[in-house]
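Marked as signal peptide by TrEMBL: 1-18. What TrEMBL lists as disulfide bond is Cys62-Cys358, Cys225-Cys241, Cys383-Cys394, Cys388-Cys418, Cys420-Cys429. According to TrEMBL, the active site, proton donor annotation covers Glu149. Residues or ranges marked as domain 'EGF-like' by TrEMBL: 379-430.
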Amino acid sequence: MELSLLLLPVFFISSLRCNSLPQNSPQADAFIGTSLQAVAAAHPILQNQPFILVWNMPTANCPQRYNIHLDLGDFHIVENKKERFQGQKMTIFYRDHLGKYPYLSRNGKKVNGGLPQLSDLASHLSLMVTQLSDLLLPDFSGLAVIDWEEWRPLWETNFGSKLEYRRLSKLLVKQEQPDLSERAVTSLARQMFEESARKFMEETLQSAVGERPKGFWGFYGFPACFNKNKRKTDKTYTGRCLRGTRQQNDELSWLWTKSSALYPSIYLPQKLAGSADAALMVRHRLLEALRVASGWPYHNNTDHATPVLPYARLAFTHSLKFLSKMDLEHTLGESASLGAAGVVLWGELKFAKNKKQCVLLRDYVHNVLGPFVRSLRSDAERCSLQVCHGNGRCTRRHLGSGHRLSDSSKHFQKHFMCHCYQGWTGQGCQDKKSESREEED
């Protein structure tokens, strides 16, 4: 990753890296690595640390009902007061907890209109403002995640169980204009759906930021990569995003510039336990998120990238089986080594459903997760101080190398380079930019 491209216009880089190089080529990946440096790194958030771990699990039952304490603070894991699920450092909004999100229930019922083009946006925004006022303090400066997973804003990405949104959108057009050809129906349905979806998501973010401007607002699971390894023994798996995904994410530039943080998902399926394929999957999801964060920063502010904090689980998807140390390296460690601002640790209520489960969770935190997190944060901080003078975040010199912060503590400079924070420059972020130079840049 050479720094010679540092002064190239960001949006030129964004379009070039998507259109001029084969999407799944090593050259494209190398170019992404260079372009991530086109803007300054995202500033540290919540704490003055290059890498943080944030607890987003409803585990308050463990200390309150069973007197079982996880002692998250002892391992420098950021948590809300009294381990509250929603609080001033971390909050997440599900589909029924923020305004009037339109979706189809499992039994096919249309909730709040069902489709974005049938939603009541004004009523949604009005209720949302009231809810935010009740839940979040005026000076809220924590992570604020909107978890809406029923439909996606781009027509072609609504596949599988989400095809019903396309079918009903076409039916709506046919009812209003029965003489249209099937091709015209699909085209108009797509246009109406995407315009309405964009307006709904865009204005939701604008309103949220307007009410709590210091919060780090974004949608869970965005940007997508669609790179799941569908077969347990697939020797051809590269981890790269599904062909066409980058172009689709480019079309969502309006979403990225309204998001003050990005929260992609890096949950591991159990079939990837202990597998190097897990690191490949996580790596390419993060590279895509980091590409987006640099190419379309919040408010088009090219002074620095949008912070990326992927969502990880303590256990494999659809289970309570905890990740091993190797699995944590493939998720949390990979995130830190690529220069993410942190990771959000998520889990459902099942992790604290009874005393036995709370004991299991406590033991896992104390013996596996906690020591790993403490060491990882320490390595990220030491690399920042030793290599970047504390004025930047360490990232791999070669993004696909697999080098880990934990393995490189004695030789950080050999395998890692600096992504400087705003206002700093130089190979080791040792030089403060003059105001005139910053204006030119």
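These residue numbers are counts, starting from 1, taken along the chain as shown.
Glycine residues also receive a Cβ, built from the backbone N, Cα and C atoms like all the rest.
No curator has checked TrEMBL annotations; they are predicted automatically.
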Those disulfide-bonded residues, out of Cys225, Cys388, Cys418, that come within 10 angstroms of Cys429 (disulfide bond) at the Cα: Cys388, Cys418
Cα-proximity to Cys420 (disulfide bond), 10 Å cut-off, over recorded positions Glu149, Cys358, Cys383: none
Between Cys418 (disulfide bond) and Cys394 (disulfide bond), the C-alpha gap once rounded to whole angstrom: 5
The domain 'EGF-like' (379-430) - residue tally per DSSP class, helix then strand then coil: 14 helix, 13 strand, 25 coil
Listed disulfide-bonded residues (Cys241, Cys383, Cys394, Cys420), ranked by Cβ neighbours within 10 Å, top entry: Cys394
For the domain 'EGF-like' (379-430), mean pLDDT (0 to 100): 90
Cys388 (disulfide bond) versus Cys358 (disulfide bond) - Cα distance in angstrom: 40
Nearest recorded site to Cys241 (disulfide bond) by CA-CA distance, among recorded positions Cys62, Glu149, Cys383, Cys394: Glu149
Distance, Cys394 (disulfide bond) to Cys62 (disulfide bond) (CA atoms, angstrom): 36
Pairwise Cα distance for Cys388 (disulfide bond)/the residue listed as 'active site, proton donor' [Å, integer]: 38
Length of the line joining the Cα atoms of Cys394 (disulfide bond) and Cys225 (disulfide bond), in Å: 24
Number of Cβ atoms other than its own within 10 Å, given for Cys225 (disulfide bond): 24
For Cys62 (disulfide bond), the three-state class that DSSP assigns: helix
Distance, Cys383 (disulfide bond) to the residue listed as 'active site, proton donor' (CA atoms, angstrom): 37
Secondary structure at Cys225 (disulfide bond), reduced by DSSP to three states: coil
